[in-house]
Amino acid sequence: MNCYLLLRFMLGIPLLWPCLGATENSQTKKVKQPVRSHLRVKRGWVWNQFFVPEEMNTTSHHIGRLRSDLDNGNNSFQYKLLGAGAGSTFIIDERTGDIYAIQKLDREERSLYILRAQVIDITTGRAVEPESEFVIKVSDINDNEPKFLDEPYEAIVPEMSPEGTLVIQVTASDADDPSSGNNARLLYSLLQGQPYFSVEPTTGVIRISSKMDRELQDEYWVIIQAKDMIGQPGALSGTTSVLIKLSDVNDNKPIFKESLYRLTVSESAPTGTSIGTIMAYDNDIGENAEMDYSIEEDDSQTFDIITNHETQEGIVILKKKVDFEHQNHYGIRAKVKNHHVPEQLMKYHTEASTTFIKIQVEDVDEPPLFLLPYYVFEVFEETPQGSFVGVVSATDPDNRKSPIRYSITRSEVFNIDDNGTITTSNSLDREISAWYNLSITATEKYNIEQISSIPLYVQVLNINDHAPEFSQYYETYVCENAGSGQGLFF
């Protein structure tokens, strides 16, 4: 008789293949197995590897048929399905051996089921065939969109980087079967970020496509899309955002916003006094904005500038004392430059920014100034009262030129008038005092708090105003009868 093996391939397409069996004329025919049929024969069991598409919406999807070559179709055999998923996920028609999926399957959860089949002769209750395993594979459909697993993405790249500079690589993953067509073949594209960035379609590498200036914009949001099926119609997609920050490079020199500064300094200020600050501005940040100030022009060498590295200000200080009456204003030029400039960025710093500083000296009411630091005069003793000794002179160094009043301290023998003329007020005796150490005080008439004092030395000169005197009384003796020329006795 003729028997047939009903095989079902992927998607349940039925094919009838003749199998070996006795004919009425006892002729035996060999059947050529078609290419790729994967026909398998084992102990009388005949089956093909079964496939079932995932995500089938039907409640009962026919997968294929198991058949023993001993089954003559008289319904005396009972087929049984055993193993994980039998009865819950898959069922079998006990009479025909047809297998059905009764649940929706997800290949990404489970892609392979290994089941066992058994056939029983219902008349004897005995197994006709030994229990044997077979495989049901869940075939993939494109039901998973690409996902970026390493979010959030953030990258830092130096500003002014050239075109083609690598920024970051983003990678998406697709849970679909990479061996099933193009379901898991991804294509990357840029949805947001033009014209400054580009993405390589197959690698997800983001590169710079146009130079950027951090001082204009310091960060960018880039949106990358990944599509499966290499972007063909019906493809699924996923997106991710990438925050790209620009790090600073020293591409800006410091610049004075003020072309002229006006400062003042008191003529009484000591050297080292801070008289004011100047400030330049740098659009860079951090180390790239650190500055050094210096004097470019100062013929008088009177001022200097030091840098406050905390505030990045230039501090103008007094290098030498100033005198309002000698010079009441100064003009200096200052310059500024960055402290750290890499060689490759020197092109941005070819000419330093400068500013002009006008410094006005403020007048201070100063005490009188004597022409000499001290005076020494000579006068003879016994000169009459009111005799001239000498003249001292002090002036007000300020512009108003206040009249000066003079006085002599600790003296009862000398006088001084408002012209600075010194005269005697008593008779002098060198033998009593040969030197007088005095102090002359000059006081401004308009401001009596402004006082100056200097030492005055007066030497009393000797005159011949004393006859010689013996230092003691002498009593002499002479002998009577002493001859001429004979000495006397004391």
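Note that Cβ sites are derived from N, Cα and C of the backbone, with glycine treated the same way.
Copied from TrEMBL, the annotated features are:
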type   : residues : note
SIGNAL : 1-21     : signal peptide
DOMAIN : 68-148   : domain 'Cadherin'
DOMAIN : 149-256  : domain 'Cadherin'
DOMAIN : 257-370  : domain 'Cadherin'
DOMAIN : 371-470  : domain 'Cadherin'
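Remark: secondary structure over the domain 'Cadherin' (149-256) totals 3 helix, 47 strand, 58 coil, with classes taken from DSSP. Predicted-model confidence for the domain 'Cadherin' (371-470) is 89, expressed as mean pLDDT. Across the domain 'Cadherin' (257-370), DSSP classifies residues as 11 helix, 56 strand, 47 coil.
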